[in-house]
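Right, one structure below, let's go through it.
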């Protein structure tokens, strides 16, 4: 994933 949270 590009981010540690849902982008």
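Cβ atoms here come from the backbone N, Cα and C positions, even for glycine.
Swiss-Prot lists 3-7 with the feature disulfide bond, giving experimental evidence as the kind of evidence. If you look up Swiss-Prot, you'll see 6 marked as 4-hydroxyproline. The cysteine amide annotation in Swiss-Prot covers 7, and the record cites experimental evidence as its basis.
Annotated features, which come from Swiss-Prot, shown on the structure.
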{"residue": "3", "record": "disulfide bond", "Cβ neighbours (10 Å)": "6"}
{"residue": "6", "record": "4-hydroxyproline", "Cβ neighbours (10 Å)": "5"}
{"residue": "7", "record": "disulfide bond", "Cβ neighbours (10 Å)": "6"}
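DSSP assigns residue 7 (disulfide bond) to coil in the three-state reduction, placing it in neither a helix nor a strand.
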